[in-house]
Amino acid sequence: MRTLWIVAVWLVGVEGNLYQFGKMIKNKTGKPAMFSYSAYGCYCGWGGQGKPQDPSDRCCFLHDCCYTRVNNCSPKMTLYSYRFENGDIICGDNDPCRKAVCECDREAAICLGENVNTYDEKYRFYSSSYCTEEESEKC
């Protein structure tokens with residue numbers, strides 16, 4: 001059920017921030033975000049609970065924390081401007097909310113790229129029923 005919800009959100013949100021975030025992830029990891037990270041581990045995808053399963057999942061945990069800090073900006077749907085330049089992601093918005101959301105996505109994409117070697121297929125489409133351990137850290 002979680003996977004269907006995530007796919008539905010991705011399809012509805014292709015014009016919004018989730019599409020932009022997906023492009024950043026693809027740029028940094030070489031992996032298509034929707035198929036590789038939309039239901040990965042305990043934190044990649046919609047929602048999250050428990051303990052991150054590996055460094056890639058921890059990137060998503062940190063991304064969730066960042067979104068919590070900018071929650072008043074509607075981070076999952078806020079459009080922002082950015083560009084790829086010499087392998088870097090440059091957030092280019094003067095609006096504080098848009099800039100903050102872009103920076104959350106940028107940092108997560110960089111983190112996923114730096115940890116792409118930890119990606120483990122066993123955590124792809126991981127059931128949230130396995131995410132019952134207490135969080136290892138707080139935001």
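Indices start at 1 and increase along the chain as displayed.
Note that Cβ sites are derived from N, Cα and C of the backbone, with glycine treated the same way.
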Bond partner of Cys42 - disulfide, per Swiss-Prot - picked from Cys131, Cys139: Cys131
As recorded in Swiss-Prot, which of Cys65, Cys66, Cys73 forms the disulphide with Cys97: Cys73
Member of Cys91, Cys104, Cys111 annotated by Swiss-Prot as disulfide partner of Cys102: Cys91
Co-listed Ca(2+)-binding residue [Swiss-Prot; alongside Tyr43, Gly45, Gly47] among Asp64, Asp88: Asp64
Cross-link partner of Cys65 (disulfide, per Swiss-Prot) out of Cys111, Cys139: Cys139
Disulphide bridge to Cys60 as given by Swiss-Prot, partner from Cys44, Cys66: Cys44
Partner cysteine of Cys104 (disulphide bond, per Swiss-Prot) from Cys59, Cys66: Cys66
By Cα-Cα distance, the member of recorded positions Gly47, Cys59, Cys60, Cys65, Cys97 nearest Cys91 (disulfide bond): Cys97
Cβ-based neighbourhood (8 Å from the centroid) of the Ca(2+) site, residues Tyr43, Gly45, Gly47, Asp64 excluded: Cys42, Cys44, Trp46, Gly48, Gln49, Cys60, Phe61, His63
Residue among recorded positions Tyr43, Gly45, Gly47, Asp105 with Cα closest to the Cα of Cys60 (disulfide bond): Tyr43
Number of Cβ atoms other than its own within 10 Å, given for Asp105 (active site): 27
Under 8 Å by Cβ from Cys66 (disulfide bond), counting only residues of that chain that are 6 or more apart: Glu103, Cys104, Glu107, Ala108
